[in-house]
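Pulled from TrEMBL:
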| type | residues | note |
| --- | --- | --- |
| COMPBIAS | 474-500 | compositional bias 'Basic and acidic residues' |
| DOMAIN | 1-69 | domain 'PPIase FKBP-type' |
| DOMAIN | 93-181 | domain 'PPIase FKBP-type' |
| DOMAIN | 205-293 | domain 'PPIase FKBP-type' |
| DOMAIN | 317-404 | domain 'PPIase FKBP-type' |
| DOMAIN | 423-450 | domain 'EF-hand' |
| DOMAIN | 460-495 | domain 'EF-hand' |
| REGION | 469-500 | region 'Disordered' |
Amino acid sequence: SYDRGATVAGVVGVGRLITGMDRGLQGMCVNERRHLIVPPHLGYGSIGVAGLIPPDATLYFDVVMLDIWNKNDKLQITTLSKPERCNRTVENSDFVRYHYNGTLLDGTPFDSSYSKGSTYDTYVGTGWLIKGMDQGLLGMCAGEKRSIIIPPFLAYGEKGYGTVIPPQASLVFSVLLVDFHNPKDGVFLEHLEVPESCKRRAVTGDFVRYHYNGTLMDGTLFDSSYSRNQTYNTYIGKGYIIPGMDQGLQGVCMGEQRRVVVPPHLAYGENGAGDKIPGSAVLIFDVHVIDFHNPADPVEIETTFRPEGCNVTTRNRDFVRYHYNCSLLDGTRLFSSHDYGKPQEVTLGANKVIEGLNSGLLDMCAGERRVLIVPPHLGHGESGARGVPGSAVLRFEVELISMEEGVPEGYLFIWHGEPPASLYEQMDLNKDGGIPADEFSTFIKTQVAEGKGRLMPSSDPEKVIADMFQNQDRNQDGKITPDELKLKSDEDQEKIHEEL
């Protein structure tokens, strides 16, 4: 047979071979070698074969068995390894991506996907594969390894395939299923950890900040936000991310950990992306949602304690002292007034704190405690601030320690009633026709002490009075003259007339 360059194929024990060969092949294993001595009566007898085998010749055969099969054979499937987790197995009409080594039954290799550097990608059960492989892939898990032995009538049969697969050859495939999906598949969600408290779930139009690890179905990591030490921030349901993630992030809670399995038609399709995501790859995202908000969200206010008999509450322009703890929604601590050992002081409505905190401090009583959830558009916005990530939702625990009634915007002092008719004469204490800073300060302090007016609340009333004097000393000569002294209300009226 070596001279002819082709193996011999035949059915044993049905009279198609000489009796000696029929008997001599019985019980042989693949790759077994035998030396057969066949006497004439079990060979070609007294007739022989004209010109080739003389009559009454004893025959010597050196035989090596390359392949065995029977028409009743079925696939021989051996599971070599299988992952612990297996949510779904291969079914007909699924699209599979797998690696394989293909050998003949004697171990002769004929093909390998590994040598091509890419998986073999195809549909199962639609006639694109030999029948044996169509059957042999059914029921596999992603990541499973199998040995599949296919008899020739479920492979390439009598014709074989080219020069690599002989006729009537059994095929042995060692298969690693990398991933699979069905064109009808949607996104598969697995809720790994959901917080007990979930007041709101994300919907289309929300802006979400989340960390993720992105892997292929065989566990290969292709991307991770953790490696960049920065969350991925985006709107959901608006086409800014792959459709599978747009769908997969719907309904998440703040703090939730979720696995999102995305089929390729909802990810990067047949072309894949870059050199890390192959074509037709199923993607698995393990997501940890840090926070989310909607650009229309207001400040969320929860009062945790309110004193009884609360009649006076804060308004814009009031001067307040408060303690606070500030953190991200994942519990990351950012800032605290307790670190400085004293309350924070601010005039509300004077643009001294972020808008959301200012809003959250309004209508509070002294002693009241609140929890404020501040969305980024009322906090530090897309850019963030020192120590605050961009687009972060902030959580404040605030306690109002004290408050002082404020004055209207633009005023440093207001009268509780009508100001004196002879204001300048009363202010000029030594009657010398000029009011220096000390006389001015003494007069204002007296009005406050007698309850006739109040200063803009501040931790430093001396500075407020100094600013008032500076405003009235218009030529900056160190004293106020009668022409220079004007009430704020009169100044405002003059500006109106000038505009007219």
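Each position is counted from 1, following the chain as shown.
Placement of Cβ uses the backbone N, Cα and C atoms for every residue, glycine included.
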Local confidence of the domain 'PPIase FKBP-type' (317-404) - pLDDT mean: 95
Helix, strand and coil residues within the domain 'PPIase FKBP-type' (317-404) as assigned by DSSP: 13 helix, 37 strand, 38 coil
DSSP-derived helix, strand and coil totals, residue by residue, for the domain 'EF-hand' (423-450): 18 helix, 2 strand, 8 coil
